[in-house]
Structures are given as structure tokens and as C-alpha cells.
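Trainee: Before anything else, here's the structure in question.
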């Protein structure tokens, strides 16, 4: 081979003697062949791929730029130099005989290469990124290989005259041009047409150099340093990273995977049946039956349901094992690339110890040439730099994988929630589903970051062992034995941790569920003074959680201990055995420090492996939860058909539907035809199946038999209006195009114009979560307006008139629903309780017990003398007489209704008219999760709009933007946390770490001294006592290191748990003490986020961050001390490096922190939008707007994704710069060792360079943990922010009311004034009146007159702005809130129940005996219902009380009041949600049971108060009339007007 090459060059190819001298050089032939062909070969192999873009037909060519022209000119000049060189060879050939072949081939190769470069430049014009990475690498290679001929030419020219001048000149010209091209290709080449794209995201056009160093990101970092970043400053995502693109790919793979998994599931089920072997064991159930078992199991107490998730029988089985496969398939490309980078990195990791070995040999060898030392130093540096570039690219890919996995999962969960069947939906509450989105998807994200460690760690461990064997021979086995022993210990710890983790997830779910309920029902808790009972419930769960957390932390610290010991024990065992086995084995510096470097390499994979395994364990828990959720059944709408049947809009054919598969049918054998354009009323008692009929039409129920045929599009108005957190206009348009004329027409017909005048920004007013700043009636009308605007063919109206005042109801009926209304041409199906409209409908369907008992027109039904006719005779007489003549008056009333515009913007406070505002029995199940999110706060709505800061003139925005703290986290936050840990604890933890690192430095210095023995006892026998001393001290130091660490981590586990307990307790107790107004302006999601995400951070992330930070910090200090001990000059280099380090750090931390804050702020909308979607599912499905909601979800996901992505890149930007600092540390420590070679022993050089090699990693970790700590401490800041919120008055004060107060129940208002907030107008403008003992007073007034404000004042939900209220001579402002609230009783408008037993709902403090509770239930007409349940009083109430009908919930509230039996009862028109008969029962009960109490009734329907002793009429916050109803009727004042509207002429004419 070499002979052929020598002939080819005409000179010697290789001779070792060239290198064995101080001025070494390479032979010319070697330079002309190998050094030229290596770069060219690399380029020719990879260049064809670079030309592919030219071949694509669709690709468009971007225009020419200056940079492009410069590159092409330089490349052309290179062609010219190559041609010149070739010409030169021809010229020489003619002049002398033979020219060696190499002088022809090389220029020819170069000509071809440079032409190819021109082509590649051209081809890149078809791509967005116009720089080619291959070319860039080629230039680097070419320049590096060119350095050697470059220096030998220069050296030769200096020694003797130049022999071949033309070639000499051409070589330098060519080298210079290559250098220029290389420099030019460092800049990003951006075509004018991609300028826009670049503004959005410079990454896509960045040059190769800019990409590998993340230079394109610098502008964000500087911007972030100058001012806090806003979301607008963050770059957009690349198209392939957008949620939609990810989701599409994921869905495609998911479908096929789930199908396979379900086939497996069927197989498993069949196998199980076979094993049972006996066919009538009942395990050959139909799928439906086994589903039923599932449902039954779900119904049993929660304890059982979740007790044994993993291993229970078939009912708990689900399609499993598909999620990981799907993810792997979706993100294959990313995974492969990451593997490639990681492999290069892993290989390079092992190059450094070998170089270190050579360096130590060089220092120990007197004879060695200086150039060798410099070469090793440079190689160490280069290895470090390439290593760092590969690692950063690898991490960048891993973290992108992480966020993309999270995005795909969240999008899939969201999509699933839109199509999920009721059975699946019941399995998990909103809280649990949101947890899937937050906690579980987050787990996957964390896992993805380190997933490659699963193969890389074992690989690194194996390689280390191979190299160690080469150093220490068989004695390495001792070290390996130690490792193998540690594996089972670790396995045990992981298994133990898993059980704790699973248990804790349940505690967390449970705690979050209660928290969500507390926040949703906070108004009730306050009115009944029940906060302490619920606080205790949450704290009990939290105590369990913390107990587990402490166990988990202990396990963690033991495993940290084991793993700190590991590398040390391994080296101790190996060295000891090595020295003991054979007299001649002497530990010298080369062996020891190469081994130590390798052990250091070992340390990382060995520490990572258990972390990754435990993370895998957690991900497994999450995988199970996600697989169960995502493979759940979808809604089956096959029973809803859309066949054209002439003359028929909706046809029910023997329709039988139930709420649960194989549950009892909620509607039975309904056969009905509804003609197009007719108005059909559906009537019946509470629980007769009216709402179920509607739900069946919408396809929300399980079909048992029969079907429903619907022609045309649907619009649906639910019983409880579902309002989005958007502007009023958006709520009405609901995604349709705006048609101004129709929009105005709809507003007028739905009586919304007067409301718009009252709202701060008209129809641009932002409506809070769940429509919080609208009254019940306004919400209902907006919901109706949405339906009317949608212009559908069929209108399904589930009792929309229930929540509005009577006259508004009539107005709506006339202008919208009735025969002359806007919808007269449409098919309308109206569920109603209101009798007055029945004569005007085309057809009436009467329901009872889920079946249609009779249907026909009004007159037919009356003539039939059936149940309906009796019902009418009983309740309908008076209504009928007046309904006609009042129709005219209503139009007026509707407009005049809000003449007093300066009042609170609330158009009605609530229901009016004998109708149902909330849900019936089935409807309530039907929206399993609806009412939890339809917070029971509609009544507190008025506060809201008033709370608008008047500065923003419009008051458009209601929910304040989440406060994003900016700037550095205050030092006080760290102190806050450390104080929570306990300062004494903190001090000893720190001391533990200091001691550990002192021992660490000691161990290393001792080892260095030990290795120098090899020189000292050269050619002598090594004394055994010396040997034993060395081993013993080494061992003691090592063990003490681990013991100190164990001490520190154990302490920090205790401290951290203590901090978690303290912070959570303070947060909870403060949240329960804040006034109502806080809950009205803060979305629940935001408060929940504090309890979920932030408390999780305080529990689990911060302690780990603190620990890691401490050990990194100590590690760096100890390394620097070691290096300075070896080469004191290094101290000089530390200074500039640390300055650079500090600046990078400051720039980065301010950016990174802000990005993390943006992440948490942009994350909240994802969850609140999800919660909103789940609560409005039936509406979204009815209007078929699933697509639009999914798109909205994608948009907000992308906003969050881009802030996270930006954060990831900022980490890489930082890491690559810091690792460069690390590489410099290595380079300088090696270089100084080479320079001061003569004065140093091998041991100390080994120590200093091996420490330097490990410092890079630590430097990186230090910044990462500092920034992570700063980011995580934000959680303490956020928790603290809610610990400082202004509290309401104290619950109990020094002044206690007398026992048995109020005994008489007299109430005196003395010039009482109140406003919602200091800067707003008065709502009650000085009220003075006396209410005598046991007097019954009705309070009436148009909407916004201040009726509800009155109750809020009595309970001090609002504090007085002037005047006072006396109850039995006691000024209520002077006593504690609980003393006041416990002694008054209210039956609120919205019946709110909590999860727990029925008994807990009536009497959370267990103050009453069971007899008393049964008595109350009997009076509330619930006794029979409760006795029917086997558990009796312990009957479990589901979330939001959804397993009771609304009427029953209202009766439970009545039972609460009966149980308290306070002297003063306030009735906030509770009867709205009840049909006439129940209403009758309630009224009678109140009259008989509360006859000796003072009763204030806030009436929306005048019937209920016609028998009061007196009626108070409010207007604009003042009392305008106050007298007995008889007097007022004759007085022709406001009251008599209202009475006329309601059709009441005298007090006797009311049936109620």
C-alpha cells in the first residue's frame, strides 16, 4: 500500500523518525494524500443528499442575497485556483519529464469538489434554512487538515528559500479563501421573502453554526435581561411542532394501536372465562353487562373502587399497553436523532480519561517532547467541545420530545372529553380529568427528557468496566461486586417508593376534589359558618399525604446515600484488592487517576439509572390512568337518525333510554311525532323524565331500544345556562358570523338591550367564569339569545323561562317562543312548569315516570278530564284569567324594568314564575360534571361587575389578569421557605453538606499522596503497614463522606415535610377567611392551581432543588480548591472565567425565570377552558361545535408550548456557553501542568485534571439548579401571595353574644348604607326600619333594587358603609362572623350539596342527634326518600349533589334550616327550582314550622308573600313602601303595579 502511494506522490509516505524529534513534522506524501482525501471523502459521501431539494418539483426557489453572491464568488475563485494548479502541472509536464500523479489528481479532485460546492449553494436556495450543515463541517475538516501542511510550509520557508513558489502561493490563496467561506457561512443567510418567517422564528433560517451554538436565541436572552419578557416577545413554534400537526400524527397511530389493544383485551377476557371453566359462573356476560358491573362497582363507596386498581378482576380491565407504542411510533424521527447524538457523546466521554492517562505519563516522563503535552491539552479541549455540542443537541431533542408528547396527550384528552360516553364520564370527575392533563401529562414530559438514559446508562457502565479492566485487571471485579450488591437494595427502594407514590396520587385527587367543591360552594360555607368543618376534612387528608411524603423522602435519602457511597466503595474495593493481591502491584498516578476519571464517568449513569427507573414507575401509574381514560367508550349516537320523513321534524319510535348501560330506563317507550314549525310543551312533575327526554334527543343517553329521528340542525337551551368566559357578544354569536341586523333583533327579542345599558362595556363586557357577573336571569337570556341567533331548524328548550321574572318570561314567550315570536316558523320543544303559556302552544306532552301519559292540544287535554286537567284546576285558575290581558303590559314592563341604571348591573336576581331553574333528577346525572363547574355563585354575581376598577372606564375586563411577578424573586421568599423548614434545621443541613465535601477533598488529597508512594519507593518493596494505613484512612474518609450526606438528607426530609405542612395550612386557612368578593374576581381554576401545582412544587420539587443546589455549589468550590493546590497560577484564570460565568448566569436567569412564569400563566387557560368545555359538553355537542372548541384548545396549547419551548432553548443556550467555560478550565489546567512540568508530581497533575474534567458537568448543574430553584421558589411566592389576601372580619371576637341570642328575633336597620367596594356608589342608600319579633316580611323590588344586598348585609357578606343593624339589641358589626352566621338561617337560591354523606350535608359538626336529623327530614318531606336507601342517613351524596334531583336538593336545604331552627330565617326565593306541588309543601312547612320565627322572604313571585304581615318594597336601594299587602294593593303604588303584572288583584286571589 505505502509503496503504491510513494510512487503516486514521488516521495516517502511514512517514516516514524519524522515524529521522534522536538520539531516533529509529517511527510509530504502523507500531507498530499490522507490530509486531502479525508475531508473530500466526507463531503462526497454526504453531498448528494444536499442536492435533493433541487429535484423536488414543488419546491420554490428563494431569491439571491448578498451573502449568497459572496459565497458563490469565493467558491468560483477556489475553482480558479484549482484550475491554475492543474495548468501548472501540465506546464511542468512539458518542461521536465514525469510529474508525480498526485499533482494531476488533487487539482482535478478539487475542481470537481468546488463545482459541487457551487451546486450545493444553489440547491440550498430551495430550502428555508439556506446554510448546509454538511458544507460547514466540511470547511472545518478541510481547515483543520490544512493546518499541518500550512505550518510545515511556513517552517520550511523560514529555514531555506522556497523551491516551488507558484504552488506555495496557490496553497495559501486557496487556504485563505476556504477560511473566508467558513467565516461567511457562520452568518445566517435570509432571503427577503423569508424575512417575515424569520421575524416569527429565526430558528428556521439560522445558519448551522448559529443552530449548534443556539446563537439565534441570544436576542431573546438580551431582551429578557433588559425587561421582563411578555408572551409577544417569545418566538412562534415551527409548523411541525404545532399542536394540530402533533395531534393529527398521534391520533392516526393511536387509532390502530387501540384497535389492537382492544382485540387483546377481548382475548384476555375469553381466557379468563375459560380458566373459570364453568359457563354459568356469570362471566360470559355481554359486554354491556360487564360494563354494568363496572358501573355498580363505581357506585360502591370510593374506598373500594380505587382500592386495588392493578389486580382486580375483569370489570377493572381495560385496553392496555398501547400508549408507549403509539408515542414511540409518532416521535420515531426525534428518537433516532437523539440516539445518534448520544452515541457520539458516550464514545467521547471515554476519550478524555485515555488522554488524561497520556498526560500523566507525559508529566512523569523526563524525556518526553514538549509538543506532545501541548497536543494532549488541545485534544482534551477539542474532545470536550465536541462532547458538549453533541450533548446539547441531544438534550434539545429530548426536551422537545417531552413538550410534544405532553401536547399530544393533552390534545387527545381534550378531544376524548368531547366524545366520551356518559359511563366513561362518570368514572372520573372534572378534577381527576384535569389532573390527567396536568400531573400525568407532565410526568410523561419529565420522563421523555431522560428516556435515553435507559439504554445509554447501561452502555456507559459496561464501557467503563471494560476500560477499568484494562487499568486494574481482575481487581475491578471487587468493584463490580459492590455495584451488583447495590442493585437489589435499589430495586427494593424503587418498589417501596412506587406503592407510596400510588397511595399519594389518591390522596392528592381526594384533596383536590374536596378543594374544588369548597371553592365552588364557598358562599354556602360562609352563610352557614361551616368553614372549620371542611378545613378539618382537608387537613386530615393532607396529614395522610404528608405522612407518605415523609416516608418517600426518607426512601429518597437512603437511595441518595447508597448512590453516593457507590462510586467511592467501588474505587475503595478495587484499589484495596489491587494493592493486596500482589506485592508488585503499586498504585501509581496513571492507574489511580485514570481509574478515578472512569469512576466519575460511572457515577452519572449509576445515579441516573435509579432516577429514570423511579420516573418510569411514576409514568407507569400515569400510563395506566391515561390508557383507561383514552380507550374508554365513546358516545354512541346511533339511535339518533337523520332520515328525511315528510311532514315530520322529530319522531320518537318506541324510544327507551337510560342514563347508564343497563340502568333502569329513564324514559320508556316514548312514541311521538312532532310536526315541523309547531310549538310543543312538555310538562310533568319533578323527576317525571322531562329533561331526560331532551337529553335523549341530544344523544346524551344510552339507548335501550327504539330510536329518535331528527331532521335538521338543533339549538339547545339547557336548564342551567352555560356561559363561557368571553365577551357577552361572543357568548351569543357562539362562533357564527356576525350579522348586525339579526344580532340586534335577537338582543331586542331576548330583552337584553336594557341589560347592555347596565353592563360596564355593553356587549363587549367580559363575562366571568361560569357567567359569574350575570344574574341567573341574564345568563338564561344570553343562553336563549345564543340559540335564537344560531338560526337552527329545531329548538330544544329545557325550561328556559325558569330563571327570569314573570313579566320578562311573558315578554320572552311573546317575542321569541310564542306563536308570534321570532321563532314562529321553527320547530320548538319547550319543557316548562309554567301553566300560563300552555293555552298558546300547539301541542302538550304530559310526562310521568318517564313515559308519556297523554298528549294533545290544550283544549283536548282539558276535555279528557285526565290527570292534567285536575292539575290545572288545582293550580291554574288565577293564572289563566290574567295571562291574556297582561300581555300588553309586559312589553312596557320589560323596558321600564331597568330604569334605574345607576344600580348594580344585574337584571334579575333569579327565578320568578312557577318554573324550574335548575336541573331535574335525570338532567342532574346527565351533566355529571356540569353543576360542579356551574358554580353555585350566580347570586353573588352582582358584586362582580361592581368590582370593576373604574379606572378602566369600560370596566370591560372582569377577571383580573393573573398577577405575574416580574424581576428577581425576592430573597425574602427563600427566607420564608427556610423559616417554614425551621432555621435550626436549615443550619444543620448546610453543615452536613460542608462536612461531606471536606471529607471528599480529604479523600482526593490522600489518594494523590498514596500514588506518589510509587515514585518514593521506586525499586524497593512497598512496606505493608504503609499500605494498610493508606487503605484504612482512604476508607474512613470515604465512609464519613457518605454518613454526613445521609445526616443532611434525612434532616432535610423532616424539614421539607414541616415546611409543606406549615405552608399548606396557612394557605388553606387564609383562603377560607377571605371575603366573598375575592372569589368573585378570581377564577376558581387559579385558586385550584395554587393548591395543586404550587403545593406540589413545595412538596416535591423545592426540597430536591435545594439539596442539589447545595451539593453542586460545594462540589465546585472543592474542585477549584483542588486545582489551585496543584497549580497555583490557575487562581488567575479563575477570575476572568468566573466573571464570564456570572454574566451568562445573570442574563440567563432573568430570562429563564420569566419564561417559567409565562409558562405557568399560559397554562391556567388550558385547564380552565377544559373545565368549561366539560361543563358545557351537552351544549357544545348539541350545536355540533366540537371542531371549533378543539381548535381553540390548540391555540391556547400553542401559546403555552411556545413559552415552554423557548425556556428549553434558553437552557441549551446557557449550557453550551457554560460547558465552553468548563472546557477552558480543563484546557488551562492541562496547559499549566504541561508548562510547569518540571516541578510537579504525577499524582497532583492527575488530581487537578481529573477534577477539572468533572467540573463541566457540575458548573452546568449549578446554573440549572440555581435557576430551577429560583423558578420553583416562585411557587412559595404564589402561595404566599394568597396567604396575604385581605381577610374578612374575625370569626369570633372578644365580644360574644349572650347565650340563646337572638331569642326574640327583632331586626332594626338604622340608616344602613352599603357599597360593594370603597370606590363604588352605595347600593343601599340609608335604610331605616324595624322588623318585629316573629313578623313575616316579604321583600320585593324590580331587579337591581338591592333585595339580595339586604341578605348579604344581614350575614355581613358585605360590611356597612354607614349605619348599623341591630338584632335583639346587639349591633351585628361588633360580634364575630361565626357567632352571627350560626344564629341566622338562610335557604339560599341555589341548592349546593357537598360530596359526603347526607348527614354530613345537614350537620357537618355532628351537633344534633340522629332523631333530630330524621325529624328535620320528615318535615322536609324527604324521610321516605332517605328510608328507601339502605344506607339511610349515610347515603352518599355525589359531587355537587348530582344524584339528587334539583327539587330534592332544595328540600335538603330546607332540612338544614329546620335543623338549625334559628330565630331568624331568610328565604332567598328558594322555591324557584321546584314544581308546584313541592312548592306547596315547602310553603306549608315554612308556615307551620317557622311560625315563631322572624321570616324575611326575598320574593321574585308575589304569590309567595301575599300572606306576609308586611311587604317591603325596595327601589334604587331605598325603601319606598313598607306596609301590609292589603294596604299596598289599594295604594296604587309600585307594589300594586307589580301585582297587576303578576295577575294578583287581591290578597285572597292567590292559591298559594
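From the backbone N, Cα and C atoms, a Cβ is placed for every residue, glycine too.
A TrEMBL annotation is a machine prediction, not a hand-curated record.
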Trainee: Would you please say which range out of 53-72, 73-92, 193-212 has the annotation transmembrane segment in TrEMBL?
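Mentor: Here TrEMBL associates transmembrane segment with the stretch 73-92.
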Trainee: Which range, 1192-1213, 1214-1235, 1236-1257, does TrEMBL list as transmembrane segment?
Mentor: 1214-1235
Trainee: TrEMBL tags one of 878-901, 902-925, 926-949 as region 'Disordered' - which one?
Mentor: 926-949
Trainee: Count, for each of 73-92, 133-153, 1031-1051, 1106-1123, the Cβ pairs lying under 8 Å from the transmembrane segment (560-581), and report the range with the highest count.
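Mentor: When the Cβ pairs under 8 Å are tallied, 1031-1051 comes out ahead.
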Trainee: Considering pairs 6 or more residues apart, do the transmembrane segment (133-153) and the transmembrane segment (73-92) have at least three CB pairs under 8 Å?
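Mentor: Counting Cβ pairs under 8 Å, fewer than 3, so no.
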Trainee: Quick one: find which recorded stretch in 168-191, 476-495, 977-1000 has the most Cβ pairs under 8 Å with the transmembrane segment (73-92).
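Mentor: Per the Cβ under 8 Å count, 168-191.
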Trainee: Can you work out whether the transmembrane segment (977-1000) touches the transmembrane segment (168-191), with the criterion being 3+ CB pairs under 8 Å where the paired residues are 6 or more apart along the chain?
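Mentor: Contact between the transmembrane segment (168-191) and the transmembrane segment (977-1000): absent, because fewer than 3 Cβ pairs are under 8 Å.
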Trainee: Sort out the residues at least 6 away from either end of the transmembrane segment (168-191), same chain, that have Cβ-Cβ distances under 8 Å to it, and list them.
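Mentor: Result: 62-63, 65, 67-68, 70-71, 74-75, 77-78, 81-82, 84-85, 88, 110, 125, 130-131, 135-136, 139-140, 142-143, 146, 149-150, 153, 157, 162, 198, 202, 205-210, 216.
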